[in-house]
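Below is one structure, written out as structure tokens; comments come after it.
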Amino acid sequence: MERLNKTNSVSEFILLGLSSRPEDQKPLFILFLIIYLITITGNVLIILAIHSDPQLHTPMYVFLSVLSFTDIWYTTNIVPRMLVNFLSEKKTISYAGCLTQMYFTYVLGNTDSFILAAMAYDRYVAICDPFHYVIIMSHRRCVLLVAFSCSLPHFHSLLHILLLNQLTFCNSNVVHHFFCDINPLLKLSCSSVFVNDLTIKTEGLVFWVTPFLCIVFSYVRILIAVLRIPSAAGKRKAFSTCGSHFTVVILFYGGIFYVYLQPLSSYTVWNRVATLVYTVLSSMLNPFIYSLRNRDMKRGLRKLLGRRKS
């Protein structure tokens with residue numbers, strides 16, 4: 001913070017949010033409060049169902065419980081601040097608070113990305129090499145995959161925060177976004193952002209694209225294997241196993257690539273909409289996608305809710 005006082009005249013940022021019209025604030029507050037409560041409730045139920053049902057203590061559902069846990073904090077890092085700003089005339093966040101929010105947004109978002117890749121690898125092994133599944137997806141390997149997915153994003157996030165902290169913000173402090181994201185902040189800087197932009201397009205791209213390519217590779221191999229299954233029932237079972245996960249992947253990565261693969265100068269309101277998809281909406285929809293299209297999860301949830309009633 002000492003460096004901040006010496007080099008930046010900006011000590012706080014104003015988050016404009018999704019709309020600057022006063023009449024929109026209360027409806028948006030109600031909408032996102034409902035979304036937040038649904039997200040927390042749905043993901044907590046997924047975690048409890050997996051924890052309480054021994055038949056769900058498999059690598060796929062362990063990864064799903066980690067994904068749900070991450071989504072709870074991913075949403076909590078963003079939505080409560082939005083809710084406060086909807087009802088507040090002073091929509092400010094401190095410089096340190098802004099960097100902290102950005103740090104955890106990237107840590108949790110990248111953890112989601114790596115967990116999705118681990119889930120795709122698990123489905124690939126289960127369908128393409130079922131006889132060696134227990135050996136390949138051992139407890140030790142699952143622990144390593146989760147540990148890797150949760151630890152590596154911290155280095156990625158720290159790099160971008162340290163680079164951002166080298167910039168000088170001496171003009172406007174109005175952020176055209178509903179949370180502290182790197183691209184709208186770079187547009188406010190009055191010093192060169194060449195290194196930051198280059199890092200996003202190189203290290204950042206590799207960090208996002210690598211797990212995505214792992215997912216694509218896994219699903220290409222899965223598709224080839226499924227097409228070789230002679231029975232229609234076998235094909236339906238394989239597709240139903242992977243369909244929910246693939247839906248989540250499309251929602252999550254579609255928004256990310258739309259936002260971060262565009263030039264910095266072309267950042268528009270549509271970027272905010274795309275950001276909503278991969279931060280808030282995907283975290284809310286994940287429990288529905290995985291439970292409605294998965295018989296094992298539906299059985300686990302029925303057992304959990306039945307136990308609570310009794």
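Glycine is treated like the rest: Cβ placed from N, Cα and C.
Among the features that TrEMBL reports, transmembrane segment is placed at 28-50, 62-83, 103-121, 142-163, 205-227, 239-261, 273-292. Residues or ranges marked as domain 'G-protein coupled receptors family 1 profile' by TrEMBL: 42-290.
Each of 28-50, 142-163, 205-227, 239-261, 273-292 was scored by its Cβ pairs under 8 Å to the transmembrane segment (103-121), and the highest score goes to 142-163. Panel annotation: around the transmembrane segment (62-83), residues 15, 17, 29, 32-33, 35-36, 39-40, 43-44, 46-47, 50-51, 93, 101, 104-105, 108-109, 111-112, 115-116, 118-119, 122, 142, 145-146, 149-150, 178-179, 279-280, 282-284, 286-287, 290, 297 of the same chain, lying at least six beyond its termini, place a Cβ under 8 Å from a Cβ of the stretch.
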